[in-house]
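Some notes on the structure that comes next.
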Amino acid sequence: MLTVSQWIADHAMRFRGVLVLVSLVMLIVGLSGYKYFVFDSTPRAFFSADYPYQKAFDAIEDKYGKDSRVLIMLGSDDDSIFTPETLAALSDLTEQGWQLPGVLRVDSLSNYQHSRSDGDDVIIDELYDPGDDLDAASIARIKHIAMSSPDLVDYLVNPAGTHASVILTLSKNDSQTHAQAEETATAEAVYALKRQVEADYPGVKLWITGNAISNYHNLTIATKDIVIMVPIMFALMFVMIGLLMRSVAGVTVSLCIALLATISALGYAAMMGTVFSTLAINAVMIGITVSIAHCIHMVAYFLHSYAEESKADAIRTSLQVNFVPVSITSLTTALGFLSLNFTDLPPAAHLGNASALAVFFAWLYSYTVLPALLTVLPVRRPKTAETNLVRIMTRLANWVIRWQRAVLVSCAIISVVMVGLAMQNTINDRFSEMIKKPHEFRTDNDAIDAHFGGLYNVFYDMQSGEENGVTDLVFIDHVDTFVDWLRAQPEVSSVHAYTDILKRLNKSLHGDKQQWYRSPDNSELAAQLLLMYEFSVPQGASLDDMIALDKSSTRILINTPSMDTDAIFAFQDKVNAWQAEHLPEAMRYPGASLAIMWSHLSIDSLVSSIEGSFVALVIISAVLMVVLGSFRYGLISIVPNLIPAAIGFGVWAIISGELGLGLTTVVILTMGIIVDDTVHFLSKYQFARKHQALNAEDAVRFAFRRVGTPIWITTAALASGFAILTLSKIHGNSDLGLLTSIILVAALILDFLLLPALLFVDSEKKVA
């Protein structure tokens, strides 16, 4: 009676033509899914819609407008912005900024709405006009106003007066596809304007940042990564695997299956609604790499059998022998990837789902397409199954058998040390540093951070509890006290609140006397001053981004330099403690911003990833216990599948010591991959013990000879594939590739050293 493996192998060979046609239909259906393909390059892609900090941020944006900006910093060779040429350039840049696509508002010193007294009247107009005669007296006046206004310093002009900023507020399209198109158009127009201004004013230099600019570069980098890294990966693997396998046909088949599986997986994932972010797009590289690794075992066994059998029989033998182990490894790898759904990181879940689909299609095409490809391609028959790598594996097996106790002790010591080092890593992720140096965006970002220290925004929504409550004197006093306290904090670069405008208008109402730079004496006057301001300013300069439509609440905006995760938490705690002591409960607001969201997500993602890793480990171990029919082997498999992560993070503590958002998912990501080699080794060891009646030592030698070479080749392929991710300019992807490669190499070493040594523990050395 035929076993399931024999039946599958026979039918895969007999109906290979039909199976290829079926696979082709599935591929075509997958290709149709690309019309649903969505790429989201924004940091918001990392948050789920129901994430509490995302909901708080959305609520404040719904009330006061979307926070989508471009910041252009302007400097000059004179090291001062207060020169005729630089002020003219600033004015020109401001005027042309209005013409850029998607721009709703432009703020700069040039169009700053300055209030002044003129007899009994209060005049509100721009600080200076493009046509003004910028003589020494006019420039001195502009400088005095700019450098003495707390709402301008570190916002539109730096404290040294050497640089100014122009802030473009953009419209926000709810459609992700249209939003990216608009941001791309805006970013390209901004860079074109930069080149024009620098050409028109030779002594002036511009630097550009902002979330729209960051999103634009994330999109272009991700696209460039795919265009550059995928061909590099194919070329590297073709050469490397070709040299190790010594078979062009074998490499070609592996690469073809990997390409078909990945194309199908991405198409079906897009059809299922997967959104590809800068993290999830790595499914392309991971899908190709993991698919190749699965094929290598089948191709390697085919080449081994082809040395002694006919081509058709060798293909059939490989399909039959590998059906169970390849099916198990495909299942465990897919389970590992699917376990990423346990994390609080949506892109990680999308990455896991797309990668799991790639594993499924690699397994499927290995039995529907691979037999046909091996049949039609010319394959050089190996002279012998005893290759140099097989001989090396035999010597390695003998060495491990001889030094098994020393191996166990050494691995235990190294593991303890590495666990200790791994505990020294800290969570720290600055979303302003998502792009690696050297890059134009990072250069500009760092320059702006150095001169203005305002890359991070934090918003506070202060509630009065009643309509028109923002003109209540008690409310105004509370807001003003909070603003003064914020300005005194070392972490804060600048603060923007409507109370500054009220005090400035009150001063102008009283003849510009400094002692009247204070809040109005009564609510009626406060309401009148706000109304006067609203009627006096031009379109695009209203208070809609500061005061709610019903005037029941106000938004305070603070700017801070780039901050570490711990520093953000510490600042939040300080703000909450101050508010609890000085503000009524109804006015307290913990702050909302992308930086706060990002910091909390890093911690939450780590916690959920640890939980997910535990669940994945239990599920995978249970699967192995059932499939291998041995509780002991299932327990043994846990050790070489957990320790590599500890070693990887221990090495990372030496290399960096800081874990970014993307690295919080590495344990789950690698667990499903590294278990493959353990399964192949254990299945061959178990086969030798049960069916060939070999003792433990000879069974280990058998496992090394049969799967040592493909394990070595697959790890080399996987590690090199992930290592290519280090070429990415996106920090998270680069770090993910490097750490994963380290863990995969550690797993290979442990599978070759620790796993055989563990099998000798309480194992009879006589024939079973």
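Every residue, even glycine, has its Cβ placed from backbone N, Cα and C.
Range annotated as transmembrane segment by TrEMBL, chosen from 529-550, 661-682: 661-682.
Across the range of the domain 'SSD' (254-376), the DSSP-based residue counts are 107 helix, 2 strand, 14 coil. Using the rule of three or more Cβ pairs under 8 Å, pairs at least 6 apart in sequence, the transmembrane segment (226-244) is in contact with the transmembrane segment (251-273). The transmembrane segment (661-682) and the transmembrane segment (354-379) are not in contact, since fewer than 3 Cβ pairs between them lie under 8 Å (pairs 6 or more apart in sequence). Tertiary proximity for the transmembrane segment (354-379) is limited to same-chain residues at least six positions away from its ends with a CB under 8 Å from its CB atoms, namely 8, 12-13, 16-17, 19-20, 22-23, 26, 247, 249-250, 252-253, 256-258, 260-262, 264-266, 268-269, 274, 276, 280, 283, 286-288, 290-291, 294-295, 298-299, 302-303, 306, 311-312, 315, 319, 323, 326-327, 330, 333-334, 337-338.
If one looks beyond the transmembrane segment (400-423) by at least 6 residues along the same chain, the residues whose Cβ comes under 8 Å of a Cβ in the stretch are 643, 646-647, 649-654, 697, 700-701, 750, 752-754, 756-758, 760-761.
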